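Visitor: Features from TrEMBL:
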type	residues	note
ACT_SITE	GLU208	active site, proton donor
BINDING	HIS17, HIS19, HIS205, ASP294	Zn(2+) binding site
BINDING	HIS19, ASP21, GLY178	substrate binding site
DOMAIN	12-348	domain 'Adenosine deaminase'
SITE	HIS229	site 'Important for catalytic activity'
Amino acid sequence: MTPTYDEIVKAPKALLHDHLDGGLRPATIVELAAEIGHELPATDPAELGEWFVSAADSGSLERYLETFSHTVAVMQTAPALRRVARECALDLAADGVVYAEVRYAPEQHLTAGLTLPEVVEAVLAGFAEGSEQAAAAGSPIRIGTLLTAMRHAARSMEIAELSTAYRDAGVVGFDIAGAEAGYPPTRHLDAFEYLQRENFHFTIHAGEAFGLPSIWQALQWCGADRLGHGVRIVDDIEPGTGKLGRLAGYVRDKRVPLELCPSSNVQTGAAASIAEHPIGLLRDLRFRVTVNTDNRLMSGTSMSREMALLVEAFGWGWAELQWFTINAMKSAFIPFDERLTIINEVIKPAYAKLL
Ligand SMILES: O=c1[nH]cnc2c1ncn2[C@@H]1O[C@H](CO)[C@@H](O)[C@H]1O
Ligand SMILES: [Zn+2]
């Protein structure tokens with residue numbers, strides 16, 4: 001039986017790659033922008049939502065990223081950050097996401113005078129509030145935060161230290177993001193070495209707008225636990241035969257989680273369409289594939305919508321959707337026992353009724 005969108009919403013899902021500043025409600029952007037006098041390309045929420053999707057639909061990661069200037073601009077005070085985080089938790093929970101890791105770059109939220117710890121605390125408070133409200137409404141969600149450093153900037157060591165400072169308060173990992181070409185992950189080697197010495201977890205955006213050298217550096221120089229996107233690992237797979245090169249073989253053998261984001265990849269030109277997205281091949285070859293939203297606002301999407309698009313394009317059913325969900329949960333940055341509890345007590349019983 002083909003899962004429908006409405007059924008997918010009700011099934012438990014796990015999400016590892018979602019940007020806080022890429023998931024705001026358009027109506028919230030309009031209200032926050034009015035408060036601070038920030039000029040927007042549209043002030044009607046529906047129109048603004050459409051503007052984000054079409055502006056991000058640019059075929060280039062650099063132009064896609066330009067749209068974030070409007071979301072980041074309205075996320076500069078503690079109440080604004082708290083509200084955005086609370087609404088993020090509520091929206092994900094309403095979509096049936098039971099576990100999410102949400103990331104953002106604290107260094108981008110300092111223009112109105114907040115300190116880095118104040119930014120982190122406002123977001124954590126918002127997630128806590130949203131999660132409480134979601135549980136009370138009957139859709140419990142667990143949210144872990146990842147702190148991102150911007151790869152073109154030079155604050156990664158500071159952000160890495162900020163991550164470990166808040167590791168017992170809800171920050172579960174670290175990441176680097178931003179334009180990939182010209183900014184290799186090895187620029188931030190000191191931060192990654194620090195995190196390894198601290199027994200902390202990190203993922204790296206790699207293999208999205210740039211290919212194999214970026215993935216190779218992220219894994220073999222920097223020691224990333226997971227790959228943000230990593231979709232260009234297909235460049236190391238022989239077309240037709242499916243023969244793996246050494247790097248692709250390593251990624252599969254070591255079960256390196258790939259945080260794939262189908263709609264986002266189509267918008268930035270990393271994939272021609274959902275149907276031609278390498279997720280089909282990577283799943284057939286049994287890589288550790290996960291499905292993610294990246295930026296719900298810029299892609300006009302949700303976790304359920306991404307899964308529904310894959311069901312439509314590849315003819316997948318509940319077995320595949322469960323596999324993606326368990327892959328994500330296995331790859332999460334929270335402790336093993338907590339991951340297992342969610343798999344055994346939430347995910348498996350729900351899918352057992354659907355399969
Ligand atoms: O797909 C992506 N690739 C690279 N960078 C991204 C992507 N999506 C968002 N960001 C960047 O990450 C920052 C923190 O959340 C965002 O402000 C955006 O610049
Ligand atoms: Zn991303």
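Every residue, even glycine, has its Cβ placed from backbone N, Cα and C.
Annotations in TrEMBL come from automatic prediction, not curation.
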Visitor: Filter the binding-site residues ASP21, GLY178, ASP294 down to those with CB closer than 6 A to an atom of ligand 2; keep them in sequence order.
Guide: ASP294
Visitor: Using a 10 Å cut-off between Cα atoms, which of these recorded positions sit near the residue listed as 'active site, proton donor': HIS17, HIS19, ASP21, HIS229, ASP294?
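Guide: Neighbours among recorded positions, in sequence order: HIS229.
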Visitor: Within 10 angstroms of the C-beta of ASP21 (substrate binding site), what count of other C-beta atoms is obtained when all protein chains are considered?
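Guide: 25, counting other Cβ atoms within 10 Å of ASP21 (substrate binding site).
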Visitor: Measuring Cα to Cα, how many Å separate HIS205 (Zn(2+) binding site) from HIS229 (site 'Important for catalytic activity')?
Guide: 6
Visitor: Secondary structure at GLY178 (substrate binding site) (DSSP, helix/strand/coil)?
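Guide: For GLY178 (substrate binding site) - judged by DSSP and reduced to three states - the answer is coil.
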Visitor: Under a criterion of Cβ-Cβ distance under 8 Å and sequence separation of at least 6, what residues of the same chain contact HIS229 (site 'Important for catalytic activity')?
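Guide: When sequence neighbours closer than 6 are ignored, HIS229 (site 'Important for catalytic activity') has HIS17, HIS205, ALA206, GLY207, GLU208, LEU258, GLU259, LEU260, CYS261, ASN265, ALA270 within Cβ distance under 8 Å.
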Visitor: Within the same chain, and leaving aside HIS19, ASP21, GLY178, name every residue whose CB is within 8 angstroms of the centroid of the CB atoms belonging to the recorded substrate site, in sequence order.
Guide: LEU20, GLY22, LEU65, PHE68, VAL72, ARG103, TYR104, ALA105, GLN108, THR148, ALA177, ASN295
